[in-house]
Structure formats: structure tokens, C-alpha cells
Amino acid sequence: MSSGGLLLLLGLLTLWEVLTPVSSKDRPEFCKLPADTGRCKGKFPAFYYHPVHRTCLEFIYGGCKGNPNNFKTIDECERTCAA
């Protein structure tokens, strides 16, 4: 196979890895945690994975503490936790 063909194959495999959803067995345990606003009084839009609904939902994050099931964007939440 030529070097161009190898680069194309590598690019396609990388794209497949990025676009393939996370399976439930590969989902991090913290994706099962409930939304946690934290201790601070800020009002920052954030997203968390809701395991019963199997989707990412918005909540208001206080800005500190909380738990790892807390994402700045819905895309980041879906890439990490959604199947």
C-alpha cells in the first residue's frame, strides 16, 4: 500500500474513532452521578449526563466543587457519556 493510502486509512480510522458513540460498557462511572450544582453561588450553564433518559441535559452550575458529571458543552457531554 502506498504512503498516501496509509495516510487515508489512518485518517478514516481516526474519524471513525471520534464519531463512534461511547458504548454503555465503556461509559465512565461518573456519568451515573446526578447533577451537582456545587457549593458556590455562580450561575453557569452546564451539562450532565442523565442515565435514565440516556441523554445530556442542561443544569445551572455554581462554579466550584460539584462532581465530574459536569460539562461546559453538550458536545463534550455526549462524547464522554452518551451511547
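Here the Cβ of each residue, glycine as well, is placed from N, Cα and C on the backbone.
Feature annotations, courtesy of Swiss-Prot:
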{"type": "SIGNAL", "residues": "1-24", "note": "signal peptide"}
{"type": "DISULFID", "residues": "Cys31-Cys81", "note": "disulfide bond"}
{"type": "DOMAIN", "residues": "31-81", "note": "domain 'BPTI/Kunitz inhibitor'"}
{"type": "DISULFID", "residues": "Cys40-Cys64", "note": "disulfide bond"}
{"type": "DISULFID", "residues": "Cys56-Cys77", "note": "disulfide bond"}
For the disulfide-bonded residues listed here (Cys64, Cys81), which one has the lowest count of neighbouring CB atoms within 10 Å of its own CB?
Cys64
Looking at the disulfide-bonded residues listed here (Cys31, Cys40, Cys64), whose Cα lies nearest to that of Cys77 (disulfide bond)?
Cys31
Restricting to the domain 'BPTI/Kunitz inhibitor' (31-81), report the mean pLDDT as a whole number.
97
Fewest other CB within 10 angstroms, which one of the disulfide-bonded residues Cys40, Cys56?
Cys40
May I ask for the distance between Cys64 (disulfide bond) and Cys31 (disulfide bond), taken between their Cα atoms and rounded to an integer number of Å?
18
Given a 10 Å Cβ-Cβ cut-off, pick out the one of the disulfide-bonded residues Cys31, Cys77 that has the most other Cβ atoms nearby.
Cys77
How big is the gap, in Å, between the Cα of Cys81 (disulfide bond) and that of Cys56 (disulfide bond), rounded to a whole number?
8
Using the alpha carbons only, what distance in Å do you get between Cys31 (disulfide bond) and Cys56 (disulfide bond) once rounded?
10
Can you see whether DSSP assigns Cys40 (disulfide bond) to helix, strand or coil?
coil
Within the domain 'BPTI/Kunitz inhibitor' (31-81), count helix residues (DSSP H, G, I), strand residues (E, B) and coil residues, in that order.
10 helix, 15 strand, 26 coil
